[in-house]
Amino acid sequence: MTPTDPTVLATDTRRDSAAGRANARPAAESDTSPSTPTVRRTGRGSRRKSLEIVLFVAPALLVYVGFVLLPVVLAAYYSVYKWNGLGPLEDFVGLDNYTRALSDPVFIGAMGHNLFFVVASLVVQGPIAIGVALLLNRAMRGRSIFRVIIFIPYVLSEVISAVAWLLILQPQGPFDAVMEAVGLGDLRQLWLADLNVVIWTLLAVVSWKYVGFAIILFLAGLQGVPEELTEAAQIDGASWWQVQRHITIPLLGPTIRIWAFLSIIGSLQLFDMVWVMTGGGPANASSTMATYMIQFGFQRSQLGFGSAIAVILFVISFTFALIYQRFVLRRDTEGALTRGVG
Amino acid sequence: MSRTTTARRGFDWSQPVIYLVALLAVGLTVAPVIYLVIGGFRTTGQLTANPNALPAPWVLDNYASVLASPTFWSQAANSAITALATTAGVVLLGVMAAFVLARYEFRARNGLYLLFTVGLLFPITVAIVPLYLMLQNLGLLGSLAGVIIPQVAFALPVTIVILVPFLRAIPGELEDAAAIDGTSRIGFFFRILLPLSGPGLVTVGVLAFVGSWNAYLLPLLVLSDPTSFTLPLGVQAFSTQYSQDTAMVLAFTSLAMLPALVFFTIAERRIVGGLTGAVKG
């Protein structure tokens, strides 16, 4: 544990010191004797303190409210209008945009694709990431180089990754040539143009891109698994696999649950790579809610309708987040997202 | 006893398997990247003839012409300006707000913290339509500021969530000691808190930088003139424009990913270290 590790200090000193300081100040004020400089400072303190609070929080709050909260609220507002972004907002249509979206087979299909990515990403990336993280957590030669290399896809921008894979997967391109070379030439497909194949191709590329993030998280989580436990088990004769199975992986639980949360939210929002690689095509076979929204909201200037899609996307993510926090993350008493400051 | 253990470990049967798996993982990870970089040294003719051969001969023309093109450099500069400004903005605004949320007692504190945390659930996709119109009204469409300001705003929630525990963890005794020595709370913030929360600041800084460097949707909608493009937009535009000249696209893409790779190699330890704190606390 490094001295800067926040959790160690935070959990122990938090309650006492916060409560201590809160009580100390009013007490000091009550037995004021105006001559002592410390007390004078405290006396002026409360107004000055409010000023400091305002000065320090205001810039962040203004930017955040103006550019995050306000647009989200406005999206809900626009979503009940039929509007192309020009002229006054007056064609009130109630929930028409919502019923239109939810009765459009293309949008339902897009939701289905998101669901596919949610489940498939968890199933594909989770086991791979846990395996690689456990491996890289062992003492081995060249470990730090392996670590750096495995994170590369995560650092590359979505667009660069997507363009790279477009080039690699093009017909008669390098990937097909590799297939040919290893004798799998018959399995070649139109990786991004076949209606039935495209979403699996995207899943593979998306997994390639994001599995590194999962590995980073798991390696971070593994640093919190006390060595004494695994050493004790080894002395008792447990094999490496038994140690991982019964000690390390269970202790990694909170990290796995947070990763799953982030992965699911990410899969629901999936946009960049799909947009660059297929634009949601062919024939909407790989569209997601986000690509559908950009198609209608911007390319066809249906801002009211696009906003309704945004709201649906948000409601789905939000509902999921609430349920997940209530039933899954709640088990992790240390979940940073689940508790307030105090 | 100890000698046998060492010997066993040296010839552990599982070692070759582990290296094999590690090498496989590494191979799958870097193969596309290596393909891009090496492909840039070939001609499109070579690529068509045999997609996977090594360059024969090695051609420097593609890289040379990308490096000589003002478009590439202006896009790299735009990315750098946007990412640096976003990082600076997020870290400054974030640490100020986190300081108050972590170390001041006041009634609205939990409410404020909740307000910022809620932002974790608002991805930019949800807000993008109204955001676009707002930027239009503010005259920020087409300018880097139109990318930077919303990016700062959307990075604030995660920044604050990571920084608050860091700032809380600094013992209250230090603050009391500083107060006794006559330091104001603000002085304490600048002289003691900021230096001590260095690792947290680096983590949020790195996350903001990488996020901004890779951003696509917002720049895509805000920036329309190729001279104002950031690298992701530039790569996409270039790959469409030169779709017949694959080797050139490979060179451009390779050079565009280089800065992020270098930056990441330097910051890798910080990211892992910082996330440890964030995930646990």
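Don't overthink the numbers, they just go from 1 along the chain as shown.
Every residue, even glycine, has its Cβ placed from backbone N, Cα and C.
It should be emphasised that the depicted structure is a prediction, and the values quoted were computed from it without experimental measurement.
Residues or ranges marked as region 'Disordered' by TrEMBL: A:1-44.
Residues or ranges marked as compositional bias 'Polar residues' by TrEMBL: A:30-39.
TrEMBL lists A:53-78 (among others) with the feature transmembrane segment.
Annotated domain 'ABC transmembrane type-1' per TrEMBL: A:111-324, in sequence order.
If you look up TrEMBL, you'll see A:115-136 (among others) marked as transmembrane segment. Away from its own ends, the transmembrane segment (A:115-136) comes close to residues 143, 146-147, 150, 199, 202-203, 206-207, 210-211, 214-215, 217-219, 222, 244, 248-249, 252, 256, 259-260, 263-264, 266-268, 270, 288 of its chain (Cβ-Cβ under 8 Å, at least six residues beyond either end).
Counting residues 6+ beyond its ends, the transmembrane segment (A:148-168) has Cβ neighbours under 8 Å at 132, 136, 174-175, 192, 205, 208-213, 215-216, 272-273, 276-277 in the same chain. For A:148-168 (among others), the entry in TrEMBL reads transmembrane segment.
Under the heading transmembrane segment, TrEMBL lists A:197-220 (among others).
Among the features that TrEMBL reports, transmembrane segment is placed at A:258-283 (among others).
What TrEMBL lists as transmembrane segment is A:303-324 (among others).
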Same-chain residues at least 6 beyond the ends of the transmembrane segment (A:53-78) with CB under 8 Å of its CB atoms are 89, 303-304, 307, 310-311, 314
